[in-house]
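Asks: Before I ask anything, here is the structure I am working with.
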Amino acid sequence: MNIVHVFPVFYLILAFSHSVYGLIDGLYCGKDNCYEVLGVNRESTKAEIAKMYRQLAKKHHPDMHKTAEAKKEAEVAFTLIVTAYEVLKDDESRKDYDYMLDNPDKVYGHYYRYYRRRMSPKVDARIVIAVSITVISVIQYLGAWSRYKSAINYLITVPKYRMKAMEIAKQENLLALNKKRDKRSKEQVKEEAEAILKKILEERMDIRGGYSKPTILDVLWVQLICLPYTITKYIFWNMRWYWKFIILKQEYGEEEKLYLIRKHLQCSLTQWDAIPDDEKEECFERNLWIKENFLKWKQEKEDELKAKYAENARYKNTRRMMKNQGHRQITFDD
């Protein structure tokens, strides 16, 4: 091989080896060792590092020098001292720097760790979590109000509820007071009358479920704050149930019967409140808190529903069509 070509390659390898096994320029303290800059070693504590930093910073601060040349030299030294302290005062940054000193050959890994730490936002995770929960709570609360307003706007269009609101407004003379106000257009009078009716619905209507009037207790922040109480209450309730009805074999009270009925029906308290009173009475009269009675009642309801559908003309036609053509497949010939 020609020696003219070998020598440049050897020179490049030598130069690369020097950059790999030495300190990397542009990272941390560059070609200088951060520990040596502050006059400490790798066993030094954070308190010792801070003490040396204060001494050196005071000594090399540009304001401590008079001539322009001395100030310029001091500024370079002061900047290096500050950089070294920033690297060593943070545990994670110091850990990355020690890793670079111990593994000088892993150049690309050092660049990644250095710039990842510099570019990533230094924000406390607790602040991020708190802000996220706050945003979710605000959106949750505003969304609940939006759904509630939508429900009121819908109810005001239903003749049954609108007439009821009109009767209440007339009884309380609210619309008459509204008409006595002068200097308003018909549109304004109409809008104010509509607002009065909506207000009556808001005060008198008990809207439940997903469109119920929102309260501060429903938002995520309050639920998280009350979570320890909720968990404690849940544990106590289960312990009480186990002691009274499993060990002591006591009879169920009204509250326990209601809980078992709702459990069998798989409905929440809000859904239970929406059930008509006569159906609720039937549940208690049929002793549906007992599993066997509930299964029997459920089968009766299913049989009644099937019989009702069987007598329905539309259902008969659908069933007849499915019987005659239900197994027919659609093909390209169709």
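Our numbering is plain: 1 for the first residue shown, then up by one each step along the chain.
Any Cβ shown, glycine's included, is placed from N, Cα and C.
Sharing the record's features from TrEMBL:
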- 6-24: transmembrane segment (TRANSMEM)
- 33-101: domain 'J' (DOMAIN)
- 123-143: transmembrane segment (TRANSMEM)
- 219-237: transmembrane segment (TRANSMEM)
Asks: Within the domain 'J' (33-101), how many residues are helix, strand or coil going by DSSP?
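Replies: Tallying H, G and I as helix, E and B as strand, the rest coil: 56 helix, 0 strand, 13 coil.
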Asks: Give residue numbers and ranges for long-range contacts of the transmembrane segment (219-237): same chain, 6 or more residues beyond its ends, CB-CB under 8 A.
Replies: 133-134, 136-137, 140-141
Asks: Averaging the per-residue pLDDT over the domain 'J' (33-101), what integer do you get?
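Replies: PLDDT averaged over the stretch: 87.
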